[in-house]
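Visitor: Before I ask anything, here is the structure I am working with.
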């Protein structure tokens with residue numbers, strides 16, 4: 001049993017503690033003040049010190065404001081902060097070719113020296129002619145690792161050095177109403193007899209040779225077993241008003257169309273040399289879309305000079321090209337206008353690299369059929385040279401190319417010979433071919449064969465400068481409607 005004295009002393013001690021306000025335990029807040037570690041930055045004395053990078057951000061995680069306090073410059077703070085948050089993106093030296101790297105949040109930026117560009121300073125890829133035609137509207141030529149743009153006759157180069165601006169009311173190569181519509185086609189036309197021919201290109205000079213119509217007085221008979229000596233549009237669709245403004249039609253003394261042509265200028269029409277054997281005398285009609293109905297746009301012109309290529313080979317149709325100079329100028333209007341002549345290199349690298357060209361004419365609508373009374377047009381794909389040569393039983397020279405389909409029943413045919421093959425580039429149409437020959441019309445596995453105009457651009461330009469030979473200089477006297485015939489030896 002407890003001693004009564006002890007109990008009295010214990011009670012007195014407890015009473016004393018209560019009266020003094022002391023406690024064995026301390027409050028939670030007081031305990032936290034004792035146990036918690038005081039942060040350096042929150043210390044009264046520390047706040048009075050200038051920011052220190054090691055103290056602020058290396059020993060502990062810091063905020064952007066604390067880093068800014070250290071650097072006292074926002075740009076330097078950003079450079080530090082980008083590395084501090086997600087590491088240095090420039091550590092691996094991603095900028096090539098002496099480029100300078102600048103780190104960012106989850107990214108980096110390269111400042112490149114001249115001649116390099118891109119995210120990592122790759123060598124500059126010049127926008128030369130092979131890439132989007134160098135940005136040129138029309139002709140593109142590469143010079144000193146840059147491009148030089150130029151334009152066809154009747155256009156001027158814009159201030160940006162790229163665009164071509166028309167300087168004429170009716171510029172070449174423009175369709176002023178409607179649009180070309182695609183139509184399947186198989187190109188083939190009249191077939192020449194079997195005989196080899198030279199494969200060569202030409203830019204020869206012009207010299208006066210034959211008397212007027214000497215050649216035309218003795219037309220060469222069509223090759224044996226040839227379904228035509230002219231060429232046509234099989235399939236295709238009607239040319240709407242203004243869609244084929246460069247189409248010309250050669251008409252004989254009976255006012256019947258027998259060959260086509262391409263308007264080059266107000267005085268000049270391009271056609272096939274073999275067409276000169278189809279009539280003793282002929283005129284040129286333009287603006288005609290329906291041979292049975294007058295629409296008020298038609299014009300008929302007498303021919304003053306015929307410039308036939310002197311190397312034309314009747315047996316193979318090689319060098320199948322001629323230029324006609326008219327006695328009176330063509331009146332251009334919305335549905336009568338020239339096609340553009342291209343530059344040689346550009347024509348071969350750009351125009352003939354397009355998928356398709358356009359052929360038009362009044363030829364037969366099927367092999368051995370009747371001539372069309374309405375002007376037809378047909379879109380035909382270019383055919384690679386190997387396929388072209390394999391498809392033909394005859395020689396395909398360097399002055400020829402193929403176009404058309406090998407299985408679709410569409411092609412140029414008898415009556416279309418000499419007519420235009422044009423290629424569209426950025427809404428301007430350029431002369432790329434002359435309808436020349438084919439094995440039948442739209443036969444399976446056969447294509448239409450065209451004179452390759454790019455081989456004769458210099459020759460065409462010289463021919464367009466030719467003038468009529470005075471009667472006294474001619475070996476004979478031409479009739480009132482007989483043109484002077486010139487040749488063009490190489």
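Every residue gets a Cβ built from N, Cα and C, even glycine.
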Visitor: Given 39-86, 87-134, 135-182, 183-230, which one carries Swiss-Prot's region 'Disordered' label?
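Guide: Spelled out, Swiss-Prot records region 'Disordered' over residues 183-230, not the other listed ranges.
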Visitor: Averaging the per-residue pLDDT over the domain 'Peptidase S1' (233-465), what integer do you get?
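Guide: Across the residues of the domain 'Peptidase S1' (233-465) the model's pLDDT averages 89 on the 0 to 100 scale.
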Visitor: Can you see whether DSSP assigns residue 61 (N-linked glycosylation site) to helix, strand or coil?
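Guide: It is coil.
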Visitor: Let's check the environment of residue 61 (N-linked glycosylation site): how many other CB atoms sit within 10 Å of its CB?
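Guide: Result for residue 61 (N-linked glycosylation site): 9 other Cβ atoms within 10 Å.
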